[in-house]
Each structure stands twice: as C-alpha cells, then as structure tokens.
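*Asks:* Take a look at the following structure, please.
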Amino acid sequence: MRIVLVGPPGAGKGTQAALLAKTLSIPHVSTGDLFRANISQGTELGKLAKSIMDEGKLVPDEVTIAMVRDRLHQQDAENGFLLDGFPRNTAQAVALDGILKDFGIALDGVLDLEVPEDEVVRRIAGRRLCRNDSAHIFHVLYNPPKTEGVCDVCGGELYQRSDDSEETVRTRLEVYHTETEPIIEYYAKQGLVTTIPALGKVDEVTERAIAALRENAND
Ligand code: AMP
C-alpha cells in the first residue's frame, strides 16, 4: 500500500504512522524524522533545516522534495510506504504525483486524522520523544513513562522537541491551515481521502485507520 497521512501537528501522526507501517509491513517515511536525523548527524541539510524547524516554518520545497525522492528510491519502499509529514503543501503534492508517475505507480489512499484544536495544543505541550527511536512517544499526562524522562521501551532518554514550544506550535498550526489543508482538497478530487476522528485510545485509532484504508482500497 502507498499511503499519505495528513493531520495537524499533534494529531498523533507519528504514533499512528509507526503502528500502521508495522501492521501493513511498509516503511514509515517521516520527513520530520529525516530532517531530525540530518540535524543530529550535523549534515548541511540538517544545518539548513534546524532554524526553520525551530520557527515552525516549512523547509524549502526543493530540498524536501529531493530528500523524499531519494528515500522513495530505496529498495524497502518498492512495495509500498507510509508518508508522514509529506506532502505539506500543494507544490509538494504535485511533485509527489510526478515522482510516482516516473515510477509507474500511484497512491492508494490519503488518511486524514481529525483532532479538535484545543486537544492538539494539550497533546503537543505534554509530548515527549525517545532519543533512540522517534516511534517511542510518550505524554506526561496521557501516556506517562514508568520513570520520568526514561523510555519504557528501550531505556533511552526522553526529550521535548524544540519546536513543541507554545509559540512555535501556534506557527505550525497556522502553517498547517494555510499550506497543508489545501492538499486534502487536492487529494479529495482524486477520490483518495478518508477522514477519521483521531480521538480516543491509540489502538482504537489504529483499528479505525486500518478499517478505513481497507475499505478505501476495496472501493
Ligand atoms: P513533523 O515532525 O512532521 O512535525 O515536522 C517537523 C518540522 O519539520 C516541520 O514543522 C517543518 O519545519 C519540517 N518539515 C517536515 N516535513 C516537511 C515538509 N514536507 N516540508 C517542509 N518542511 C517539513
């Protein structure tokens, strides 16, 4: 399956993407994770992305699209992938169509995670990530680790993303509404979008997502 996951920051895209990718046996391709890996490795791309990410703005399309093209060329993405955080604007969606056309493939579906805005802010403010694996995600209230600051899964150090500050979150939400939301309409015109409520327990949302994707694939 070739899937795009959309939703505002804090909708639980990272959590759901990791679970869905595992269930569907496809790689989870997160542009945010790819940028963060470049930042921790100190690459030129990481240096460029860091300050832009800290402001909550979008990294320029040219470098983002090139990074995704490279990633989708890797062998593990041959039989499917789950894109998380890309495309984030219409230009990127058009570029993705071009990349897939070159491969002779197409998207199977776009899953839109819907969450009320006040919930988004609560989720982001308490979010903590593991330094070893971004799929290990906790929340100080909703999903606290057994020991504060320590990942239950691997013992790694938990940290708060520097772009999860209240001010940056406001910019990220604004960017989501102005830049990213229009891609939902873009994909809806292609009959690809399924919107699901992303409230409730993590596994319930995953079950809802799998059911929606299977239904969409059978349409
Ligand atoms: P995320 O982990 O998806 O919340 O992304 C974190 C940050 O990485 C975003 O706020 C952007 O600054 C940057 N970013 C991630 N994906 C993209 C993208 N597709 N285009 C431009 N910037 C991106």
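Just so it is clear, glycine is given a Cβ too, placed from its N, Cα and C backbone atoms.
Keep in mind that this is a model prediction, so the values were computed, not measured.
According to TrEMBL, the ATP binding site annotation covers GLY10, ALA11, GLY12, LYS13, GLY14, THR15, ARG127, ILE137, PHE138, GLY200. Annotation comment: TrEMBL describes 30-59 as region 'NMP'. Under the heading AMP binding site, TrEMBL lists THR31, ARG36, LYS57, LEU58, VAL59, GLY85, PHE86, PRO87, ARG88, GLN92, ARG161, ARG172. Under the heading domain 'Adenylate kinase active site lid', TrEMBL lists 127-163.
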*Asks:* Sequence order is fine: just name those binding-site residues in GLY10, GLY12, GLY14, ARG127, PHE138 with a Cα within 10 angstroms of ARG161 (AMP binding site).
*Replies:* ARG127
*Asks:* Give the distance between the Cα atoms of LYS57 (AMP binding site) and GLY10 (ATP binding site), rounded to the nearest whole Å.
*Replies:* 16
*Asks:* Taking a Cβ cut-off under 8 Å, which residues six or more beyond the ends of the domain 'Adenylate kinase active site lid' (127-163) line up next to it in the same chain?
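*Replies:* Same-chain contacts beyond the flanks: 10, 14-15, 18, 28, 30, 33, 36, 53-54, 56, 169, 172, 202.
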*Asks:* Averaged over the whole of the domain 'Adenylate kinase active site lid' (127-163), what is the pLDDT?
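*Replies:* Looking only at the domain 'Adenylate kinase active site lid' (127-163), pLDDT averages out to 94.
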*Asks:* Taking just the CA atoms, what is the gap between GLY14 (ATP binding site) and THR31 (AMP binding site) in Å?
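*Replies:* Here the two Cα atoms lie 11 Å apart.
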*Asks:* Which has the fewest other Cβ atoms within 10 Å: GLY10, GLY12, GLY14, the binding-site residues listed?
*Replies:* GLY14
*Asks:* Validating a neighbour-count step here. Other CB atoms within 10 A of the CB of THR31 (AMP binding site): how many?
*Replies:* 22
*Asks:* Between the binding-site residues THR31, VAL59, PHE86, ARG88, which lies closest to PHE138 (ATP binding site), Cα to Cα?
*Replies:* THR31
*Asks:* Count up the helix, strand and coil residues in the domain 'Adenylate kinase active site lid' (127-163) according to DSSP, in that order.
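*Replies:* Helix (H, G, I), strand (E, B), coil: 2 helix, 12 strand, 23 coil.
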*Asks:* Does DSSP put THR31 (AMP binding site) in a helix, in a strand, or in coil?
*Replies:* helix
*Asks:* What is the interatomic distance between the Cα atoms of VAL59 (AMP binding site) and GLY10 (ATP binding site), given in whole Å?
*Replies:* 19
*Asks:* Taking just the CA atoms, what is the gap between PHE86 (AMP binding site) and GLY10 (ATP binding site) in Å?
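*Replies:* It is 15 Å, counting Cα to Cα.
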*Asks:* Record lists GLY10, ALA11, GLY12, LYS13, GLY14, THR15, ARG127, ILE137, PHE138, GLY200 as binding ATP; longest Cα-Cα distance in Å?
*Replies:* 16
